[in-house]
Amino acid sequence: MEQWKVMVLICMYGAVKEFRPTEPYMYEYQHTVLNMSEQTLNSQVYPIWTYSYLITLIPAFLLTDVFLYKPLLVFEAFSYFLCWVIFVFGKSVWSQQVLEVFYGWATATEIAYFAYIYVKVPKTEYKSATAFTRAALLVGRFLAYALAQLLIGLNWTSYSTLNIISLVAMTIAVFLALILPGVEWKEAYEKKLEDNNVQGNLKEIVDQSSYMDYLRMFFVGLRHNLMAIYRNPLILKWSVWSALSSCIFYQVTNYTQTLWGTLPESANRYNGITEALVPLLGIPADLITRQLNVNWNRWGDLLLAVGSIGQAGLLFWMSQSHHIVVLYLSYIFYRVIYQLTTTIAQSTLAFSLDSRLFGLLFGINTFVALLLQSILTAVVIDWQKLDIRPQFVVYSCYHLVVAFGFAIIFGIWASRRFFKTSTN
């Protein structure tokens, strides 16, 4: 299949699989329609996604290359399909717990979505391929959330109808995943040889090799890449921040709807537009950050500390406020700050890391973030059994601890610079 057709298909798949209008009103559906309490959802249902995602991530990361990408895409689409089959037909707590297992599987295998296109396009097209595939995800989410807002805000339909619309979209996503062209091991092997700057006639090398040679190259390269990544203290520092920041970000986004749900149902009618605004505001914030001519190796610690303090303040405000507009705006600003700091982290790593290692680093950092989130969930929800508002106080304090750590790092650097300047 021609390259542009593959690009169109994978972007269509990305947009359709993200077209899930249920999501902004997921808690409202489970709480009001299925009659599940906040405590039940908080302690028995939602934590399962974290554990499922954590357990599935490493196998998904390894098997993406072993199974040559497409099977993992189909698995992702089918997992989302099963989620919404359960949303439509499942009414019990047990069914919602099974749903969270499939949801964890789906989110863990999303790594195949980005890996697939890099095999199908030339190295010179990686940047545009990344832009298009990421844009497709944002477009799908925005359209889904905007539609949900329109239908619910105008009282045109019920939460159950949103589930049916999402199920139809997931059915189409399965179809699109199935018709995507597969990847031959020789095609993937040649691409890895090219990415590793192997000299000579690549097609001839591939023709003289076997599938086991391809696997051997993958696993040997994995070991060498792990060693290459964490020898660099700068990469290690930014990876620590990425894991710490992503951990609490996942937790906040997973439980924000529960916090909104503490207010009367009539106040929760703008969940859709709130979620839709996040990617729209995140895009210009991302572009502005990329244009700033700042040495983030020097000033990044200070920015991360200030950003974490801002996020701590927003979460604490959310924990105390009973006004839905305040909760919505605080959530939007929290997400935008996360987008800004994440963009800075990624751009800083880009100067210190071979682009071939981004996927590996992202996978490891995500795994560590999920491991930390699992511990946080176990302590805050399973052990302490905190209600949702005290939970957000804890999350606010978490950000303050992160801010304190990076403020110390910046202080050490600034002190050394000051004494060095004074000495000279």
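Including glycine, each Cβ sits where the backbone N, Cα and C put it.
DSSP assigns ASN35 (N-linked glycosylation site) to coil in the three-state reduction, placing it in neither a helix nor a strand. Residues or ranges marked as N-linked glycosylation site in Swiss-Prot (evidence: sequence analysis): ASN35 (among others).
Listed as Cβ neighbours of the transmembrane segment (48-68) (distance under 8 Å, sequence separation of 6 or more from its ends, same chain) are residues 97, 100-105, 107-109, 111-112, 115, 182-185, 188, 215, 218, 250, 254, 363, 366-367, 370-371, 373-374, 377. As annotated by Swiss-Prot, transmembrane segment applies to 48-68 (among others).
Within the same chain, residues 13, 17, 20, 22, 29, 34, 60, 63-64, 98-99, 102-103, 105-106, 109-113, 116, 160, 163-164, 166-167, 170-171, 173-174, 176-178, 180 sit at least 6 positions outside the transmembrane segment (71-91) and bring their C-beta atoms closer than 8 Å to a C-beta of that stretch. The transmembrane segment feature in Swiss-Prot is assigned to 71-91 (among others); the stated evidence is sequence analysis.
According to Swiss-Prot, the transmembrane segment annotation covers 99-119 (among others).
Residues or ranges marked as transmembrane segment by Swiss-Prot: 136-156 (among others).
Here Swiss-Prot flags 164-184 (among others) as transmembrane segment, drawing on sequence analysis.
Look at Swiss-Prot and you will find 233-253 (among others) tagged as transmembrane segment.
What Swiss-Prot records for ASN254 (among others) is N-linked glycosylation site, and it gives sequence analysis as the kind of evidence. The Cβ of ASN254 (N-linked glycosylation site) has 16 neighbouring Cβ atoms from other residues within 10 Å, across all protein chains displayed.
The transmembrane segment feature in Swiss-Prot is assigned to 299-319 (among others).
The feature transmembrane segment is assigned by Swiss-Prot to 324-344 (among others), with sequence analysis given as support.
According to Swiss-Prot, the feature transmembrane segment maps to 361-381 (among others).
Sequence-remote contacts of a segment are chain residues at least 6 beyond its ends whose Cβ falls under 8 Å from one of its Cβ atoms, and for the transmembrane segment (392-412) they are 237, 241, 244-245, 248, 251-252, 255, 259, 301-302, 304-309, 311-313, 315-316, 318-319, 376, 380, 386. The feature transmembrane segment is assigned by Swiss-Prot to 392-412 (among others), with sequence analysis given as support.
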Item to complete: Take a look at 99-119, 136-156, 164-184, 233-253, 324-344 and tell me which one has the most Cβ pairs under 8 Å to the transmembrane segment (361-381).
Response: 233-253
Discussion item. Between the transmembrane segment (299-319) and the transmembrane segment (233-253), are there three or more CB pairs that fall under 8 A, provided the residues in each pair are separated by 6 or more in sequence?
Written reply: yes
